[in-house]
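Single-structure report; data block below.
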Amino acid sequence: MLVYLAEYLTQFYSGFNVFSYVTFRAILGLLTALVFSLWWGPILIKHLQTLQIGQVVRDDGPESHFSKRGTPTMGGILILAGIFISVLLWGDLSNRYVLVTLFVLASFGVIGFIDDYRKVVKKDSKGLIARWKYALQSIAALVVAVYLYSSSTMVGETQLVVPFFKDIMPQLGFMFILLAYFTIVGASNAVNLTDGLDGLAIMPTVMVAAAFALIAYLSGHAQFASYLHLPHLPLAGELVIVCTAMVGAGLGFLWFNTYPAQVFMGDVGSLALGAALGVIAILVRQEILLVIMGGVFVMETVSVILQVGSYKLRGQRIFRMAPIHHHYELKGWPEPRVIVRFWIISLFLVLLGLATLKLR
């Protein structure tokens, strides 16, 4: 909103023109979301404690997790509020890429909220029934996928960018909808599965969001996009604001979510953040790069698929427990060691993903 005010005030004082620069607003967006999260975090935690909205811990999980029972959850509300306020202040709300991303954050946030509400308030350990959760995710994802396909006006908006190959950019056509659907739903559930230890999911999310901020800026800049053989997407530049807001809100939340956690994000946070990363990857045409940079999320998801598949087909489990972070806990790794090592893996994969922009 302040973009429009600054644009109006520029006619009276040229200094307000600084707000027309995406980089300047991105910094302000990050700081706004960060300060908001740090300021309101203690207030939200106290309120959640008063309402007795505490984490439900499964009885068959690692014994070290029993102490987490009752820790305030649904802290993802803090993250989403920080992102929304920051983007509403510093983003260009006439940009359809920004609006689509906000819609995804809101819709998947609502799905996660319903799931959390049933678990911690209604005391239903299963939360939202799996088929209903998947159905709601599918509806939201398909709405976005169909809209993006039908509203595309440039060839680059529906091309598939293949890392390491500068000349391979096949036109997806109607398959774009299918790819977008699986990217959004898959990323949403992958981050949700990863969110099992203190700070484990939020830091990789912050790293990937920061990387996408850079990619969005490069894709929105004609010269940089041409130099790096990326599709030039003029609207992508404004996604930098969304990405840096995610970084700021995520770091602010990590202040309270780091081991030992004072609050958990819950499904309201993990489902929304994962879906947001998915739709941003779609908008900047880097779905494959998301698989690389979000490798920790992929690893967690694959471990669950392998575990379930192996048990159903062979009656044997591959891991001591899935997702895989629990496997290492049961092997005797202290929780902080698992968390930090997964962070290091995530950092490596994000840097590897960024390197592919030049290695073509």
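Here the Cβ of each residue, glycine as well, is placed from N, Cα and C on the backbone.
As recorded in Swiss-Prot:
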- 26-46: transmembrane segment (TRANSMEM)
- 73-93: transmembrane segment (TRANSMEM)
- 97-117: transmembrane segment (TRANSMEM)
- 135-155: transmembrane segment (TRANSMEM)
- 168-188: transmembrane segment (TRANSMEM)
- 199-219: transmembrane segment (TRANSMEM)
- 236-256: transmembrane segment (TRANSMEM)
- 263-283: transmembrane segment (TRANSMEM)
- 288-308: transmembrane segment (TRANSMEM)
- 338-358: transmembrane segment (TRANSMEM)
Stretch with greatest number of CB pairs under 8 Å, the transmembrane segment (199-219) reference, 135-155, 168-188, 288-308 candidates: 288-308
Two-stretch contact, the transmembrane segment (168-188) and the transmembrane segment (135-155), at least three Cβ pairs under 8 Å: yes
Cβ-Cβ under 8 Å with the transmembrane segment (73-93): same-chain residues at least 6 beyond its ends: 1-3, 25-26, 28-30, 32-34, 36-37, 40-41, 44-45, 48, 53-55, 99, 102, 105-106, 109, 112-113, 116, 120, 202, 238, 241-242, 245-246, 248-250, 252-253, 256-257, 263-270, 272-273
Beyond the flanks of the transmembrane segment (236-256) by at least 6 residues, Cβ under 8 Å: 22-23, 25-27, 29-38, 41-42, 45, 75-76, 78-80, 82-83, 86-87, 90-92, 95, 97-98, 101-102, 199, 202-203, 205-206, 209-210, 212-213, 216-217, 219-221, 262-263, 265, 269, 273, 276, 280, 283-284
For the transmembrane segment (288-308), sequence-distant contacts whose Cβ falls under 8 Å of one of its Cβ atoms, 6 or more beyond its ends: 160-163, 183, 186-187, 189-191, 193-194, 204, 207-208, 211, 215, 274, 277-278, 281, 317-319, 322-325, 327, 342, 345-346, 349-350, 352-354, 356
Which of 26-46, 97-117, 263-283, 338-358 contacts the transmembrane segment (135-155) most, counting Cβ pairs under 8 Å: 97-117
